[in-house]
């Protein structure tokens, strides 16, 4: 069961990296969050704690339903091109990301000193998701990709935290969820405004503003 | 009470003798120039004449011009008070020492320079500018001479300085440096010419150009007194003689004569120096005074080495 | 961080009490003065802001000299610097104020950076911020570390004090600040740096190498000479006074450096004596420099200009200010019987007395330093003859000076109080030396109960036994008596009234103020004598109508600002060039910035296994 979930997370991350259009990216982000929800739900059933149920629920509501819906709405309203500008093309991205997988495996194995095999795999996947989120932020041109990259990083950190310490304290989780939600709303608003002013959301072109 | 009387007597002696020294110098210079010249008592006649004349005061000047001669004479007399003449039991060394003497003379100079600027004439400004220039360059040499002398004698107190002590190379060199300093301070050739009438070559005379009558007499008096002070200091370093400490008439008269004899020797040296060289350009005076400074350094080194 | 309660926070030993005394002696008359000075200058709100900043400034300075905890010391130091920056740029109409403020804040923060470094090193050994703990830890430091800490402290405090070559902010900041602030800054703030040197180097660090004292003596002599030579060339009253502050800090440091030298040679009596001389000059300088700045402010307020070449004849229009300025000028030129004379005499005596007890090479060094001190006092007297003479005497040189009027009562009251203090500190020298002996013994930790800085009815004799005496009241009495006697004789002999007539004009009846001597002309001999250092140059410009007819001729003479041109401008040029070079890593692309973070994380992951 664990393995399937981890595999799902991994696969959806790969899919995100090779996506060429924004709605596809958002869809794969939705899958990743869904798998994360499944993992949390499984742990909640095992441990039988109310907190974990609530966190799982929040995860579902916010990350699987609310945020992708919100992002899709922005795209429809802005009527910009759905092309997700790629600095490196899809195949090269995939190669890079495979390299990152190996790197995070080595990192988890040697440095983070896991207790058992299962934890090692989970650590590796979590760390890889963080790196992939960063990759998305750096190598995609549009502002929406950067928002999603941030969200992916947050997913990865959530996974890391739940692996290493059995989840963060309850209130911290709640606070993080709210932060993420609010920051997505704000960033979405800003992307809308950028589009209104410059009629595009290509962040690369913002460097022309430099004095 | 006796002490105060003795102090007053010494002061009067100082005041009485100093114009005579100036007259002697002028006489020697004139003799060297193969002229008969003025009598040695001419400075007294000049002072009497000035005291009986009226004054003309410039309308642009203020109270500084009017007050300066009094401050100048008081500073010269104050410095003269510190010098032991024939008896040292006056204990005026409670007032100050060698260093204080130099600063007291600076007080008079400061006010004279201010008074010169007060008259709003270009001559006064020129005189005070040059005078302050020369006197500020004199200070390090004088200070270093005081330093080397006090290294030999143990302290800067003029009392320690007025005893008997052996003449060493250090004191000879120091006295030569002090001689050069005295030439600069008393406005003698080669630094300044007291006989010139050309304002562009004057230093001291240009400062007092606007003064007349009684105030001018006071200023002339104070410059004679300053000259005597410097000559005494040089004489005491070269030909040191113990100043008597008690009132013993048998000792006083020969001591006074010996005192005057030393001063006349120094005065003669100054007069001969005046006729032998020409007056220097102002900016060369800086070189002259730095030569005096170097001599003072040599005197200090000799004093340190104990030579 | 240990417990901070009031007892462990404040330290009121004699040294701190002395500095607090200095602070309040100078600030009170300046505050009274500012009532009249700020009237009508700016709106009510701005005046209230000025008062608020002044109070904050005084509180921070009081904190600096009295706390016992290094951390709070730094906080108070920083507040002091910031508040004085705001006070310097208070008059925001002039853009020179802004420039002056920028130079000031940059220099003072460079100094603070060095201070923080020194304090961190001390903290590392002591593990506590308390002075007492640091003092006991400093005795265990290895010699290299002690030397480094000493140098950092010297640079840090030297920037604030104005030691050459770190003095460059003084001639910019002091003229631009309002006059009462200049007087407090020049009189008190730079003295807190001297407090820092005494407290941290002598008291806490403990001196046991003689080269420290020698270094401070050399820096002090250089500061004296550089300060006074530049002051001679200046024709802005307040810039002139600012350069004189540099010179006088040099004189104070001569006393402090001598004290350090004697401590390292184990001569406690001489060490305390030199420190007394230094501290005496410190408070004297605070008083007369405060007074001079207040007078300069009065002149500025009355005539709207600070350029002395445009002034003249003010002694008739502002008689009281002239008297106060004259007293200040006499004090700073070390004329008897005022306070400047006593402290310079004491410093010279410290050199002379010290020379009896040290060995050969040091003797010559001390003698040369004493000679340089004599040179600076001669040059300072010359400079103040110029400053007072050209500003107040003779005839007005422009209509600024012609329209001058005496200033208001509050300003005069402030100036009067300080001139009164000048006379008191000069005449009461013997009593003050006794008090300062207590301060100096607390500062150096030497027990002076067996030493005598003795006095006999107002006579001070520093080394009873060697018998050097100075009695300022006697001296004043003697001079006064002789002057009055001269005046009495004059009056007795005088039969006729003096005739008031024009100045001798060689028969040319149209003398006016353009025939007077100018300040530039007054200082020309000095410019030529010191030209190896001042590097003067001239610029002339002729405008011709034809080959034979010159329509106008302009002549300018400047002195090169040596420190600015050869030290600071190359450093600034280097800083700007490297900043331009570094700009290339910031092209404005967000992706590039994010990739910096990304690459760093990757590199850390890859190379993590090595650690």
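Cβ coordinates come from backbone N, Cα and C, glycine included.
The transmembrane segment annotation in TrEMBL covers B:6-26 (among others). Cβ atoms under 8 Å from those of the transmembrane segment (B:6-26) belong to residues 37-44, 47, 77, 80-81, 83-87, 89-90, 92, 221, 224-225, 227-228, 231, 247, 256, 260, 263-264, 267-268, 270-271, 274 of the same chain, restricted to positions at least 6 beyond its ends.
Within the chain carrying the transmembrane segment (B:63-87), a Cβ under 8 angstroms from the stretch's Cβ atoms is held by residues 6-7, 10-11, 13-15, 57, 93, 95-97, 100-101, 104-105, 107-108, 111-112, 114-115, 118-119, 158-159, 162, 210-211, 215-216, 218-219, 221-223, 225-226, 228-229, 232-233, 243-247, 252, 255-256, 259, all 6 or more beyond its ends. The transmembrane segment annotation in TrEMBL covers B:63-87 (among others).
According to TrEMBL, the transmembrane segment annotation covers B:93-112 (among others).
If you look up TrEMBL, you'll see B:133-153 (among others) marked as transmembrane segment. Remote same-chain partners of the transmembrane segment (B:133-153), defined as residues 6 or more beyond its termini with a Cβ less than 8 Å from a stretch Cβ, comprise 98-99, 102, 106, 109, 160-161, 163, 165, 168, 170-171, 174, 177-178, 180-181, 184-185, 191-192, 203, 237, 282, 285-286, 289-290, 292-293, 295-297, 299-300, 302-304.
What TrEMBL lists as transmembrane segment is B:165-184 (among others).
The transmembrane segment feature in TrEMBL is assigned to B:229-253 (among others).
Among the features that TrEMBL reports, transmembrane segment is placed at B:259-278 (among others). Sequence-remote contacts of a segment are chain residues at least 6 beyond its ends whose Cβ falls under 8 Å from one of its Cβ atoms, and for the transmembrane segment (B:259-278) they are 17, 21, 24-26, 28-29, 32-33, 85-86, 179, 182-183, 186, 188-190, 228, 231-232, 234-235, 238-239, 241.
According to TrEMBL, the feature transmembrane segment maps to B:285-306 (among others). Counting same-chain residues at least six beyond the ends of the transmembrane segment (B:285-306), those with a Cβ under 8 angstroms from any Cβ of the stretch are 133-134, 137-138, 140-141, 144-145, 147-149, 151-152, 168-171, 173-174, 176-177, 180-181, 184, 190-191.
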Contacting positions for the transmembrane segment (B:93-112) when only residues 6+ beyond its ends and CB under 8 Å are counted: 64, 67-68, 71-76, 78-79, 81-83, 128, 131-132, 135, 139, 142-143, 146, 149-150, 155-159, 161, 185, 207-208, 219, 222, 226, 229
